[in-house]
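J.: Before we start, here is the structure in question, set down as structure tokens.
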Amino acid sequence: MSIDKSFLSRAAFLVWVICAAQTAFVLSDLWPYSKASRLYQHALETLTTFAIVAIAAATWRSLLTHCENRETITCAKLVALGVLFCAFGDLVNFNLFQHGYRYDPLIKHDYLIDSIYVFSIGYGLILLSSYSFLKRLAITHRQIFAVVLMVSSVTLLSYAQMRLPDTAPYVSTLAGFYALLVAQCASVAVLLLLKAAKSGAPKRYYLLVIGLLLATLADALIGQFWLFGNQGQGYFPLIRTVNWFIYISSSLLIIQLPWVFQWLIISERQAVNAQIETLTNG
């Protein structure tokens, strides 16, 4: 049985509404994050994040069934696997065993470092899925290099500002590496914007750009206010709640990438057919 794009879009919107409602309840103290409620909140968040995985997997299956272009199918596969690894990273960040100060006496929430291993794979796969898309848009290696250099420079300056001077090398190295990696989501977003005016892009194209930018923002907030903020104590649980909403919003938009890729393939095909028809009629 085929699942169409509109159904998956409605499912994604429903997941976002549930996340937004949870965020509103937590921030308004109607359902505050506490020792008594945290397991229930984590249960809901687990359902939320794996719902995103299910939508991404259904997208992959739908394109596998109905799309002939192998690049589009590969893109959907990489995105689905990427959000799956990110979901496992979410489970680590729940800190169910209440670890803290394991790697650094200054950093209370250093369990966040553990999740970098799986999140790096997840975002690495998502970035890899965007490469064929960038090639299709005729973005040159020189343009990619220039944007990556610019974004990476800003990221390193920002990281140097937020990092505590006496942070342990292990924490500093992994956090810095991950900041650079996720910042490349912003690089892809900038490159997509460079081509947006010429591509006649649909709404999903710009939603994807927003999602990629939000991914970088979510990571920056973690570093600034959760890992290193408040002299290593973090502004917890407020930053956790705010970050979760931004991160889920980002993920729901990023999983639109395969559909945007499919739109690009169809647009190219239509343009070629139009040229052939013009030549034939002429």
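Cβ coordinates come from backbone N, Cα and C, glycine included.
Just so you know, TrEMBL annotations never went through curation; they're auto-generated.
In case it's useful when we look at the structure, here is the feature table from TrEMBL:
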TRANSMEM  7-27  transmembrane segment
TRANSMEM  47-64  transmembrane segment
TRANSMEM  76-96  transmembrane segment
TRANSMEM  116-134  transmembrane segment
TRANSMEM  143-162  transmembrane segment
TRANSMEM  174-194  transmembrane segment
TRANSMEM  206-229  transmembrane segment
TRANSMEM  244-266  transmembrane segment
J.: Have the transmembrane segment (47-64) and the transmembrane segment (174-194) got at least three CB pairs under 8 Å, pairs 6 or more apart in sequence?
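T.: As far as Cβ distances go (cut-off 8 Å, pairs 6 or more apart), the transmembrane segment (47-64) and the transmembrane segment (174-194) do not touch.
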J.: Using a Cβ cut-off of under 8 Å, list the residues of the same chain at least 6 residues beyond the transmembrane segment (244-266) that approach it.
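T.: Same-chain contacts beyond the ends: 5, 12, 15-16, 19-20, 23, 45, 48-49, 52, 55-56, 59-60, 63, 67, 69, 71-72, 75-76, 79-80, 83, 86, 126, 129-130, 132-133, 136-137, 185, 199, 201-202, 204-205, 207-208, 210-212, 214-215, 217-218, 221.
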J.: Would you kindly list the residues that approach the transmembrane segment (143-162) from elsewhere in its chain, counting only those six or more residues past its ends and only Cβ-Cβ distances under 8 Å?
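T.: That would be 134, 175-176, 179-180, 183-184, 186-187, 190-191, 194, 220, 223-224, 228-229.
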J.: Could you give the residue numbers and ranges of same-chain residues that sit at least 6 residues beyond the transmembrane segment (174-194) on either side and whose C-beta is under 8 angstroms from one of its C-beta atoms?
T.: 113, 116, 119-120, 123-124, 126-127, 130, 134, 137, 139, 143-144, 147-148, 151-152, 154-156, 158-159, 163, 205, 208-210, 212-213, 215-216, 219-220, 223, 227, 254
